[in-house]
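The structure appears right after this line, and notes come after that.
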Amino acid sequence: MERIMINPLLSIQNSPTKFLKPPLSSIHRQQQQQERQSNNNTLFMGEARPRRATTFACLSIRRRRNNNGVSEFEETARFEQVGGKGISVLCGLGYWVQGSRCFPWLALNFHMVHSLALQPSTLQLVQYSCSLPMVAKPLYGVLSDVLYIGSGRRVPYIAIGVFLQVLAWGSMGIFQGAREVLPSLVACVLLSNLGASITEVAKDALVAEYGLRYRINGLQSYALMASAAGGVLGNLLGGYLLLTTPPKISFLVFSALLSLQLVVSLSSKEESFGLPRIAETSSVLESVKKQISNLKEAIQADEISQPLIWAVVSIAMVPLLSGSVFCYQTQVLNLDPSVIGMSKVIGQLMLLCLTVVYDRYLKTLPMRPLIHIIQLLYGLSILLDYILVKQINLGFGISNEVYVLCFSSLAEILAQFKILPFAVRLASMCPQGCEGSVTSFLASTLCLSQIVSAFLGVGLANLIGITSSNYSNLSSGILIQSLAALAPLCFMHLVPMSEPVIEKEGKRGISKRSRRNRRVGRVVDKESVTYRRERESEEAQR
């Protein structure tokens, strides 16, 4: 019995007309391709792929296209038709709150120094030990990729992470024992970082998946702007509140912001974003094992592993003395919280400006010389703390407040900016289907290297005798830190010389497997079958 299938491109069934009559020669196919390329300024109804043609309804209008072949008008129309407003509110608020986390952390640092009277090394140990949940980000990413909660695999994880943060910061704001007893305070901070890491992984995966699905550019820039805006406002608000209110008020205000994010997350429906549902498998454990195997295979490639090793080692081998410097600024120099908060604001603005400069001017430069310059500047910028500790700035007529405002955050900003070229490179080389896993693995390894750096700093502070009543050897520790930051320049050969060359699909051609996957429907016709066999034989000869 002859079986006739539906061609979804034409939506016609059981028709005697031969709509897929093959061309006579390969020359005819080349002419048709040239004609299609000459019409690249025409915005036609539907997409080249039938899967996308059934998703959007695009107007037939002539408009100039961008580099990706999608006009700004079409991009805006798609964004509105496929849940763009909902994802803007959900992720925009999420990244803004994520950037605002510096606001309660500033209050927490002052609380641990003044109320709990922690030593500088103990303060730094608590700060970075509580970041351990961030190390497990790849696990959260794999679970979010393969395990559905209800009808979604992104938004429910965002809601769960936000709820954990509300529980942690709300407890520290309401219950005195949760913030006055160190073990309970550490437990609350661990719970908060666990929720933040789950939320960040799910949110990053949602933005990446949505942008790739609908070929919408600029979502990452939008996320960065929202996070930077949250950081600026969070530091301003944190410095102001600490001058007039106790730290618990800052915890409660941030809990209110998280509650707003939780309401938005619970009211968002992932189905409205039009994202495809992955095929269900017999076992979730098998899917997790497969995803972990793919991640392991991806990071073993030299193009990914070598620059990742350099980035991780260059952070881990530098002993961090941020806790000691913070205690010195607040206990010896008696700087107001508003001054420290404003210095963080200036640092966030500097980071945003550096990111824009990199995207426009520095992205095309060879990677190895660029990283070499950034690392050299980072090692030298650490000496700015040496100038502050030795009070050399007063000899030039620069007060401590002005000096901290202008130069205190420079080393921290350069350390963050150094990661950007590596993140761009790894994102451009991620195998298909492993984007979220590889990026979360990068984030977790960088977090682990920062924890190792903090522990080395604690050991160095104890070795040279830095305490809350004795900062005489802090300048020596800063010199050691600066020399350690210059040491990674000795193995710059691990950093690639240039960015990977990504060929466009139109230039490199389409493989036989891709052609086979792009065929739509099937019409039982001897001429069509014969033509397909002849075409495959021609490709094999080529």
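Any Cβ shown, glycine's included, is placed from N, Cα and C.
The compositional bias 'Basic residues' annotation in Swiss-Prot covers 509-521.
If you look up Swiss-Prot, you'll see 522-542 marked as compositional bias 'Basic and acidic residues'.
The region 'Disordered' annotation in Swiss-Prot covers 24-45 (among others).
Taken from Swiss-Prot, the feature region 'Disordered' applies to 506-542 (among others).
According to Swiss-Prot, the transit peptide annotation covers 1-78, on the basis of sequence analysis.
Sequence-distant contacts of the transmembrane segment (103-123), counting only residues of its own chain at least 6 positions beyond either end whose CB sits under 8 Å from a CB of the stretch, comprise 169, 172, 179-180, 182, 185, 189, 233-235, 237-239, 241-242, 247, 250-251, 253-254, 323-324, 326-328, 330-331, 337, 340-341, 344, 457-458, 461-462, 466-468. Here Swiss-Prot flags 103-123 (among others) as transmembrane segment, drawing on sequence analysis.
The transmembrane segment annotation in Swiss-Prot covers 132-152 (among others). Sequence-distant contacts of the transmembrane segment (132-152) (same chain, six or more residues past either end, CB-CB distance under 8 Å): 160, 190, 193-194, 196-198, 200-202, 205, 269-271, 277-278, 281, 284, 287-288, 291-292, 295, 436-437, 439-441, 443-444, 447-448, 451.
Listed as Cβ neighbours of the transmembrane segment (155-175) (distance under 8 Å, sequence separation of 6 or more from its ends, same chain) are residues 90, 94, 104, 108, 140, 143-144, 149, 185, 188-189, 191-192, 194-203, 206, 248-249, 251-252, 254-255, 258-259, 261-262, 265-266, 268-270. The feature transmembrane segment is assigned by Swiss-Prot to 155-175 (among others), with sequence analysis given as support.
The transmembrane segment annotation in Swiss-Prot covers 181-201 (among others).
Residues or ranges marked as transmembrane segment by Swiss-Prot: 223-243 (among others).
Swiss-Prot lists 246-266 (among others) with the feature transmembrane segment.
According to Swiss-Prot, the feature transmembrane segment maps to 308-328 (among others), an assignment based on sequence analysis.
As annotated by Swiss-Prot, transmembrane segment applies to 338-358 (among others).
Residues or ranges marked as transmembrane segment in Swiss-Prot (evidence: sequence analysis): 369-389 (among others).
For 404-424 (among others), the entry in Swiss-Prot reads transmembrane segment. Nonlocal intrachain contacts for the transmembrane segment (404-424), taken as residues 6+ away from its ends with a CB within less than 8 angstroms of a stretch CB, comprise 307-308, 311, 314-315, 322, 329, 333, 335, 339-340, 342-344, 346-347, 350-351, 354-355, 358, 363, 367, 370-371, 374-375, 377-378, 381-382, 384-385, 388, 439, 442, 446, 499.
The annotation transmembrane segment is assigned in Swiss-Prot to 446-466 (among others).
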With the cut-off at Cβ under 8 Å and a gap of six or more residues from its ends, the chain residues touching the transmembrane segment (246-266) are 89-90, 93-94, 97, 100-101, 103-104, 106-108, 110-111, 115, 155, 158-159, 162-163, 165-166, 169-170, 172-174, 179, 237-238
Excluding the flanking five residues on each side, which residues at least 6 beyond the ends of the transmembrane segment (308-328) place their CB within less than 8 Å of a CB in that stretch?
109, 113, 120-121, 123-125, 127-128, 299, 340, 375, 385, 389, 412, 415, 418-419, 422, 426, 442, 445-446, 448-450, 452-454, 456-461, 466, 468, 471, 474, 477-478, 480-481, 484-485, 487-488, 491-492, 494-495
Candidates 181-201, 223-243, 338-358, 369-389; stretch with most C-beta pairs under 8 Å toward the transmembrane segment (477-497)
369-389
Using a Cβ-Cβ cut-off of under 8 Å, list the residues of the same chain that are 6+ residues beyond the ends of the transmembrane segment (223-243) and lie near it.
91-93, 95-104, 106-107, 110, 207, 249-250, 253, 336-342, 344-345, 348-349, 351-352, 355
